[in-house]
Amino acid sequence: MAENIQSAPEAPTKKMGALVKWIPVLLMIGSNLAYTVTAKVTPEDVDTYASVSLTYVVCIAYAMIMFFITSKNKNYIQEARKANWTAPALGACLVCLELSTILMFRVGWDLSVGILLAYVILAVVLVLVGRVFYKETLTPKRVIGILISLVGVVLVGLGI
């Protein structure tokens with residue numbers, strides 16, 4: 001199975017400045033912050049699937065606008081044909097992510113606790129996936145970080 005998984009292309013980190021390297025991280029943090037707060041205040045009386053489908057109508061419109069603004073080749077059909085199984089798989093993952101976040105808040109998780117537990121557990125799982133499937137290095141510092149994270153999950157999960 002590991003043979004079928006392709007790794008992402010190597011980023012030219014040596015040529016990039018420190019700030020440029022952090023721009024995607026800051027964008028992810030800002031986007032996740034806005035996303036999580038927005039999901040928390042989504043009206044409880046709206047059908048979850050109606051809300052999620054409206055969300056993706058906006059996503060499609062935004063993505064199409066950004067495609068035509070940024071793409072050198074303005075032929076969307078030609079570019080879309082280059083996509084493989086990952087595009088629909090990411091779509092399914094995003095819908096599940098949306099649903100899980102909205103449902104987490106609807107069943108009573110606090111904003112900070114639910115997201116904290118989910119993302120810390122996700123980070124630990126991703127370290128293991130990186131090690132097993134992509135042969136990423138698991139250093140003693142990372143092992144200590146994982147253990148500290150797991151202790152934090154237990155403490156927060158138990159309400160201590």
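Here the Cβ of each residue, glycine as well, is placed from N, Cα and C on the backbone.
Over in TrEMBL, the protein carries these features:
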TRANSMEM  19-37  transmembrane segment
DOMAIN    25-157  domain 'EamA'
TRANSMEM  49-71  transmembrane segment
TRANSMEM  83-105  transmembrane segment
TRANSMEM  111-134  transmembrane segment
TRANSMEM  143-159  transmembrane segment
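Ranked by Cβ pairs under 8 Å to the transmembrane segment (143-159), the stretches 49-71, 83-105, 111-134 are led by 111-134.
When pLDDT is averaged over the domain 'EamA' (25-157), the result is 93. Here the domain 'EamA' (25-157) has, by DSSP, the following mix of helix, strand and coil residues: 107 helix, 0 strand, 26 coil.
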